[in-house]
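J.: Heads up, here are the entries from TrEMBL:
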type: REGION; residues: 70-107; note: region 'Disordered'
type: COMPBIAS; residues: 73-88; note: compositional bias 'Basic and acidic residues'
type: TRANSMEM; residues: 244-265; note: transmembrane segment
type: DOMAIN; residues: 245-455; note: domain 'Cation efflux protein transmembrane'
type: TRANSMEM; residues: 312-335; note: transmembrane segment
type: TRANSMEM; residues: 347-369; note: transmembrane segment
type: TRANSMEM; residues: 398-423; note: transmembrane segment
type: TRANSMEM; residues: 429-448; note: transmembrane segment
Amino acid sequence: MFPSLAHRPWQIFCRVYLQQRAPLSQRPTRLLRPCYGWQSGGGIHNLWFSLPDSRVASLACGQVQYYSTTGSGKDEPPVEADGTKPTDKVAAAQPSPEASDSKPQGLTKAETIQVKVRAVLKKREYGTKYTQNNFITAVRAMNEFCLKPSDLEQLRKIRRRSPHDDTEAFTVFLRSDVEAKALDVWGSQEALARERKLRKEVEREYQENIFRNQQLLKEYKDFWGNTKPRSGKRTTFLLGPGKVVMVAICINGLNFFFKLLAWVYTGSASMFSEAIHSLADTCNQALLALGISQSVRNPDAVHPYGFTNMRYIASLISGVGIFMMGAGLSWYHGIMGLLHPQPIESLLWAYCILAGSLVSEGATLLVAINEIKKSAHQQGISFYEYVMQSRDPSTNVVLLEDAAAVLGVVLAAGCMGLTSLTGNPYYDSLGSLGVGTLLGTVSAFLIYTNTEALLGRSIQAEHVQKLTEFLESDPAVRAIHDVKATDMGLSKVRFKAEVDFDGRVVTRSYLEKQDIEQILNDIQQVKTPEELENFMLKHGENIIDTLGAEVDRLEKELKQRNPEVRHVDLEIL
């Protein structure tokens, strides 16, 4: 590849004397095991050895060429840990004087062999901590080292590929340059530490002032009225699941009020269970509204992946609340009715309120069903799969609560009708137990589905296969391993995989952007190992940057083709 490198400094010529094996009767008996040694002097190195079945032979080696990565270019061998050089060492097995003084006998032919030996690159020891090649952004340089923008203007600027999608490249600085500049500005590490501490105190006071100003601004707005335009967050809240939840809160609140009046007037256990059911639904849906409002918040430094799980957390707490308030109180009141039956007054008003509740709960149920159908159609899955996988926990809670409410109204009305016909209050108590069992089933389903969602479940296998095949179809990818695609909730997917890249394709991608004639000219100019090292380091670093650009390209294309994939982590194998 580099014809100009085939010069004398790259060669070691060895002269080996091959001797004919002596007859068995002439072999010395005192040479019982192999003996060998290494002698050095005047730039010529001799290796001699003797074997039990041959005479003494010798090997003459020329000067060995070494070079260092520091660019010194001195032909000096590496020094061992004890300070000696490899040419100063002699093998442990030494020959006897008689063997070394003996002359070769039976020598019939000597042959010279030329051996081309590769030059040795001295290994650089970086140590346990090496930060000379670390880059740092301007913001970190000013925050961590207390520098001004004018101080950074005097430092070397390096353009690097940006890790963010909105920018292609940004400017960084060498950390060693920033540290040296900080010492030049502040004089010592102690002075820099004092300045950092002082700035932290100033920042803390600034945050406290902001908090006080926010409190004053809130009081001012409360007094004069808030004229700030509506934010997009409220608009998002009133769409989709937020609209369903707000409608359910209003209807269930009214149902609770009228059912409570009917229970006070009639004393029916079934009506009490229905009133408690509506109260539990109202409280749980208020909790869902809080979860939805929190889930649309933007990510911050503490929560880099956002707050989408707040919907699952609110739904999980809602399921627990349904079990405790709805099922628990209904069972308690039904059991007490069986143990201590009470006479029931006229049930006319109770029937009227149950009929109104059936209409209102049915309307809310239809709103939830339509919302789930629309969302399931957008994601290309069935209504049943959407509900069972808890794709939208808030709407699921409203759907199941309203379905349980409609069934509960029918069950309560039937048990109350049996009580009116027979005059037996036990039927009414059994209706309360039935409503409690229905609520317990709904709460168990909500707890299970939301717990599964919070644990980080995988997306469908067909979808994972689709994403994997897209990556494997790229020419730069050899194979995809250790694929993990998890559902983050609200139709957001996090994809992680280890990628085995084709180095030849990546290198060709780099060469396509370069001037091949210029590279060929640079190759022909290489004469020494130091020049070769600089050439390889230059293009090797650029190829690594090209590999990083390939990773960014794959991540960007994966997100564009699959909008539900929000976070992609591709690791180089």
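Using the three backbone atoms N, Cα and C, a Cβ is placed for every residue, glycine included.
Values in this document were obtained by computation on a predicted structure and should not be read as measured data.
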J.: Compare 244-265, 347-369, 398-423, 429-448 by their Cβ pairs under 8 Å to the transmembrane segment (312-335) and return the stretch that comes out on top.
T.: 429-448
J.: I'm a bit unsure how to read this: which one of 347-369, 398-423, 429-448 has the highest number of Cβ pairs shorter than 8 Å with the transmembrane segment (244-265)?
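T.: When the Cβ pairs under 8 Å are tallied, 347-369 comes out ahead.
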J.: Is the transmembrane segment (398-423) packed against any residues at least 6 beyond its ends, judged by a Cβ distance under 8 Å, and which are they?
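T.: For the transmembrane segment (398-423), the far contacts come to 244-245, 248, 252, 255, 268, 270-271, 273-274, 277-278, 281, 284-285, 288, 322, 344, 347, 350-351, 354, 357-358, 361-362, 364-365, 368-369, 372, 387, 430-432, 434-435, 438-439, 441-442, 445-446.
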